Amino acid sequence: MGSLQVSGVTVAFGGHRALDDVAMTAEPGRVTGLIGPNGAGKSTLFDVVSGLRRPSSGRVVLDGRDVTRLGPARRARHGLARTFQRLELFGRLSVGDNLRVAAELGPERRRADHVVTEILDRLGLAHLADTPSDSLSTGVARLVEVGRAMAARPKLLLLDEPAAGQDGEETERFAALLRSLAGDGTAVVLVEHDMGLVMNVCDEVHVLNLGKIIASGPPEVIRRDETVLAAYLGDA
Amino acid sequence: MNPLLELREIRAAYDGITALHGVDLRVGAGQVVALLGPNGAGKTTTLRVAAGVHPAESGRLLLGGRDLTGADPRDLARAGVCLIPEGRGVFPNLSVRDNLLMMTFTGRSREQVEEVAFARFPILAKRATQTAGTLSGGEQQMLALARGLATDPAVLLLDELSMGLAPLIVAELYEQVAEIARQGVAVLVVEQFAAAVLDIADHAAVMVRGRIERHGRPDDGLRTELSALYLGSST
Amino acid sequence: MEQFLAFGVVGLTTAAVYAVIGSGLVLTYTTTGVFNFAHGATGMLAAFSYWQLAEGWGLPVPVALALVLLVLAPGFGLLLERFVLRHAQGLGDAQRLVITVALLSGFIATARWVWDPNEPRPLSPFFVDREPFRLGPAVITWHQAITMAVAVAVAAGLWALLNRTRTGAEMRATVDDRALVGLTGADPVRANRVAWMLGTQLAAVGGILIAPTVALDASQLSLLIVSAYAAAIFGRLRSLPLTFLGAVVVGCTESFLTGYLPQNEYLPGLRLAAPALLLFAVLLLFPHRRLRGRDRKLIPVPMPSMRGTAVFAASIVALGVLLATTLGEEQAITYGSMFALGVVALSYVPLTGYAGQVSLCQLSIAGIGAVVWAQLGAHGELWALGATILISAVVGALIALPALRLSGVYLALGTTAFTIILDRWIFTLPSFELFGVRIALFRQGSAEVVGPNLFGLRLEDTAQIMVFAAVCLALAVLGVAALRRGTFGRRLIALRDSEAAYATLGGNLLLAKVLVFSLSAGLAGLGGALYGMHLRSVTAENFNLVAGLPIFLIAVIGGLGMVGNGLFTGASFVGPNVLISVAPWLHNPMGLLPALVGIGVSRHPEGVLPMMRRGWEPLGRDRTVLAALLGLFALVWALRLGDVIGGWTLFVALLVGAHLLQKAAAVRQAAQTAPDVPVEWWGVRRPWRAEDKEVLARGLAAG
């Protein structure tokens, strides 16, 4: 299982609150969307959940276990994996080796080669296995990051703008991938600006604005929510 | 009216990937033009090309009818183009006064710069010796605007002025922007938060995937179109 | 009380010099982002120039001072900015570091070349003939008073410049946001120029003020900077007031240690090492830095093939045997250290090349390896070699623990401090007893080192030890290549490329870093033991900081990502001796070589080995040419052994032959790959192929 409960998380730099009493959940087998305008605090929330940033207050609970005080590596061993909006590939390793490092650190380290081949095939990246990962275009690099996170066989997968730079057809395929990941029982949390994709694949959407969750619910409700629209359009 | 700032058929790319596919934009003196659109549409790139910070692959950049295509940022700054970049228009470790001092390289005296800045934003006079990084977000944007004004620009390019600010402060800032435009400055504003800027804009352009999809007056039709863009079409 | 005051005055005077030098360092670092390891060496050059003008050529003191401080120093700063440091700004942390380390090494070599180190150069303090004056109970000489006054004036002047002038605002603004400075119409390059000119002047002032109280010695003066580093780190490389405070702490600590440290044979070194100990302590008091994002400029780490590596390792052994059988004893002593130093240099590959940890203490660890072997392997016992590697690895792990808190420039500083602590204190200790074991280091002189005893076969003469070292290097190359191909090598590269991603995938940063530090320390220790065997008797000077710099520089020039680095570094280190043996006057210019090439690293950040590898690859793949090369090798070797040809003929024949065969292989390779036929001529100049149609169709669709 890979359920996530975040409650009361606040991150303050000086007087500014990047996150303010944020609560959200993600369930296994479901894709949870996290949307909001630029600077709303989405990536900061991912840093808090993955252990790269300590919140000033609040709790992060993974599978019923409080992990707030654990470092990133310990959380990864509890089944958490993520991608980065700013792209954090291992640039000097090939695409295949990027995945292999993750697989060798994950629960299926004994069959790492098998895991790597399987994921590369699933993502349609098999022909890039030996390509140096610093020579990829941004769109492909994002996909490789998703693959690397998958190679760790996570129970909870945090994806930070994985589809940026993809065209219409690629986005379609990516949506299918997300659904199949959830179908495998993974809890997927998706930060994305492509609203078509979010509304299409998410079972539940949380909307973050100025560090606060301003709405949560299924996509069709969020789409018609006046507060959400106001946040995006900047109405008071 | 002749446009003061004009972009014609601008194409630009990052790492060989085209970000702008032929962008046309005109901003007249005293006009506020809002450039709206979802993330990654190419709005910031358009501003960067207009300020000379990013090179255009083709197309022309005209300033008051003069062709300044390919000029470097310092020349454009001297020709009266002022870019206030997203989220970092101030030097955080310098005092307010020293931030303003940095605007004297274009030939104005310290007194002139401070007079213009403090007249427009009196709160800055009270904070003169405070380090810019310790100001509130709104005050920092005021300082950024004030620094822009101090050079007496012909063209003001604003990128995401509202980022991370509460709506009331944003509205107040845009009031000041409108006031600046009334003095004959051509203002081009890039925004994701559309509402505040639509209240003061004379003209709006909506950009999607590197192209301007729609030009027009900021009316209700535009608002509906934007909400469809941001939150996915509801039909 | 009187004594206390006297030491206090001395301490404050020293502090004043450190403060002046340290503030120059802070000024250039904050404005330009380049941490200048050569800052102290710049001051050293200024002190020598001042001596030359005032004492050497007898110019009046004010004229000499004005020339150095107002003409030479700022001019030198401008030249450095224009031709070296401006290019450094666009580079990654490691390359910038290499460039200033190259400057440091180059300045010391220049000073030793121009000013013969064996000649004493007394420099008299300012107003030496005036009576010292009393201030209350304290007695102060005029030189001390002037030094302190200068520091106060520098403090006031810098404060006024930075806070009261537009140029100062421009400099501080450049630190905050370089791009934004460009948008205001100001000029960030001008701010940099001012910073380098002022920084050089401050270093010069410090150098001239301190030179009369210490000996005018190139490396000693250059390393005074360690105290100034400690002061600057006090100010976190940002704050000038804290830098001044740090200078007072360092200066007074040194002075009072001189006065009040108990007199015994173990402690005099502690006083000399005090600045380095303080530097180490201050570095560790830094708060944890957040997990770093990725560095844009990364040096590629090619995957060595197992076959290629095996061929390379075999050639190393062959080279060792060739040299051992053809060189005379004297030449063997000159060139034989190449394999031992090669092992030391190879230790940089996993540590710095893969894991990105810049360490300047590898040769010091080699020194530890040498003394451990000297003590445990006094009769050449083979187990002692294993123990040497093990003990060196433990030392490496001990360095790693504090080093985990540091990265980039701070790690380089920390390892420098460690090296200096060893140089000035630990290596100078007489033998002592620890937990009932008698430990002798260099015995305050030299330690005797013998060759290993290989199952009854005692390796004694230089030639035998050379072959043994070549075999060790070959094994180490195989080991490092296997590491690169395996899980641990991948992890090291991954954690360097993105610590954040590595940690969030469940990787243990601490464990990986400790392991790689001990692994490379083990290698360095082995190299040190081999180097010791080769030299037969080692002193602490063989392993000090200044001796280690050229090895680091050459290793970087070679390319830290390549396993060929060891042989390259070893050969390049001893290679120039071939020329020097022909033309002895080349001795000094050759000393400058590593520094000059190190400065050029900005042009080829990946090093020269990848280029060499590309050049030699065709030869490795072409069996015919390879056989020809082996034949040539065997032929000239046999001729030399039969005394038909001399050593020089052998050398030239191999050089020319290998070069010609490499060219031949390249030509044969080019002939095999079909020339590129333009698309219009397909089917005309070459036959039409089945796949051509599809290629054309795709090209048209894309166009």
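Glycine is no exception: its Cβ is also placed from the backbone N, Cα and C atoms.
Please treat TrEMBL annotations as automatic predictions, because they have not gone through curation.
Annotated in TrEMBL:
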TRANSMEM  C:6-27  transmembrane segment
TRANSMEM  C:34-51  transmembrane segment
TRANSMEM  C:63-85  transmembrane segment
TRANSMEM  C:135-162  transmembrane segment
TRANSMEM  C:267-287  transmembrane segment
TRANSMEM  C:308-327  transmembrane segment
TRANSMEM  C:333-351  transmembrane segment
TRANSMEM  C:358-376  transmembrane segment
TRANSMEM  C:382-401  transmembrane segment
TRANSMEM  C:463-484  transmembrane segment
TRANSMEM  C:543-563  transmembrane segment
TRANSMEM  C:623-639  transmembrane segment
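Same-chain residues lying 6 or more positions outside the transmembrane segment (C:543-563) and placing a CB less than 8 Å from one of its CB atoms are 94, 98, 101-102, 104-105, 108, 219, 223, 299-302, 304, 309, 312, 341, 344-346, 348-349, 352-354, 360-364, 366-367, 370, 416, 419-420, 422-423, 427, 477, 480-481, 484, 528, 569, 572-573, 594-595, 597-598, 600-601, 606-610, 613.
Contact check: the transmembrane segment (C:623-639) against the transmembrane segment (C:308-327) gives at least three Cβ pairs closer than 8 Å, residues 6 or more apart, which meets the contact criterion. Contact check: the transmembrane segment (C:333-351) against the transmembrane segment (C:463-484) gives at least three Cβ pairs closer than 8 Å, residues 6 or more apart, which meets the contact criterion. Taking Cβ pairs closer than 8 Å, the transmembrane segment (C:135-162) reaches residues 1-2, 5-6, 8-10, 12-13, 15-17, 19-20, 23, 27, 125-128, 168, 171-172, 198, 202, 205, 209, 212-213, 240, 244 in its own chain, all 6 or more past its ends.
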